[in-house]
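Colleague: I have a structure I would like to understand better, so I am pasting it below and will then ask my questions one at a time.
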């Protein structure tokens, strides 16, 4: 399919327009700030697909309306979706700002004494706030000399956080959420809210009945050669777990083979429906070859599909992973049970980090007392205050086994462009494929089963819809926990031991929903959550502010919270500011 161009970041160097030596003395310094900003972003950030980020710098420094308009014309022609304005000096506030109301924007005012960059920053932000076009403020903590071309660490942190979140906003705009099926078992997140996607994310919803998946499989609307490759890959790499079904429900070898084949076909066809597949056009299936321009999807499955056909566990797990029979590649975002709101949290996490996401039920809170009663052993270390069992039959990415390694040799989940084939193979080797339990999945299927390594930093998130308020975001930073094998086996056996498990210990603050682990579980807004690698809650907070989604629960340090400057005018308590500002400005793409 034709590659849609990726959004770029526009850099706007603004300058004092007075000639006779004033502007002339500032041209080089101002343009160098723009170049340094672009170089930093290009070096440190990639698109979620792995492509290098492109920065577009205005052809000239911007002193007023004419040069601002020329800059906007250039940006409009080059798909600029995010802008950063930079200056070391006084400039003319409202005459030089970026006025596009839907484009995330930041201003870096150089902290120097020779020229008042801070004064312009304050004046420009005042104009933004008065006009109702929020912008992010960037101002270094320490004074720099005029000839200092370095970017201080605190400025770099804000530039990169803004750029990551801004690119996520721009990348989602114009894409679609593919809803395959409808509401699964009454789960509210699968009541797909078109207005939410349109007004807050700038996306469309493509609703497709599950019979379309059936049609594609039955009528061979797929690449038949690829199917053979996928089957050969599975035969080489799949390690099968215990079949816990009663004897009358166990399948024979031929039946198991048919279930595997259909499971792989489901993965292929859902992928083709999301992004298209030119091979289908070569077969004369031009319409089907186009796909639905989907950046995320969900599959209802239960129960109208799973009562008669193989479940979506294998397809979802493989699509959400960073690898399959085609090798290492960008993960897809596919929500089990068509939980679109958890799918959005997965989408946020992937766009911010480039990594695969772990979709899970927020299944059980285990108190230290309960664990000791059941196992006779005490929790300790990161788990000493209790743990949450995150487990779901469906779409946890196989990367979640954490068999990949960071630069220090520690377990992690890497952006897909950093993953070696050996690491992908290690994740596969750590996974068992267990026959689905018949009473739950009458059509069969295979569930992935792995155990996440312990001591890995994660951020758990969830988007919820509240009537009268709209979407809210929950964030809980914490760590995976490794339990003694005997303890894990005893606890795991009390639920469904054929599914993947992550034992999660949130970081506690002693306040509110983070008073203790029980409070985290009790305040979680739905039955599902998402794990994103790393402590990246601050990035989620910045992204949410750009989209006007208030954060109702988080344990991120206040010093890391980065929102538009206008939020400070909405009261004195930081979280109340967020609610009032989001209500005041409304969704980014108001409908």
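Numbering starts at 1 and runs along the chain as displayed.
Glycine is treated like the rest: Cβ placed from N, Cα and C.
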Colleague: Look at the Mn(2+) binding annotation in Swiss-Prot, where 337, 361 are given, and name the residue from 194, 488, 528 listed for that site too.
Modeller: 528
Colleague: Rank the recorded positions 337, 361 by how many other Cβ atoms lie within 10 Å of each Cβ and give me the one with the fewest.
Modeller: 361
Colleague: Helix, strand or coil by DSSP: which one applies to residue 337 (active site, proton acceptor)?
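Modeller: Its secondary structure by DSSP: coil.
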Colleague: Cα-Cα, whole number of Å: residue 337 (active site, proton acceptor) versus residue 361 (Mn(2+) binding site)?
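Modeller: Counting only the Cα atoms, the answer is 11 Å.
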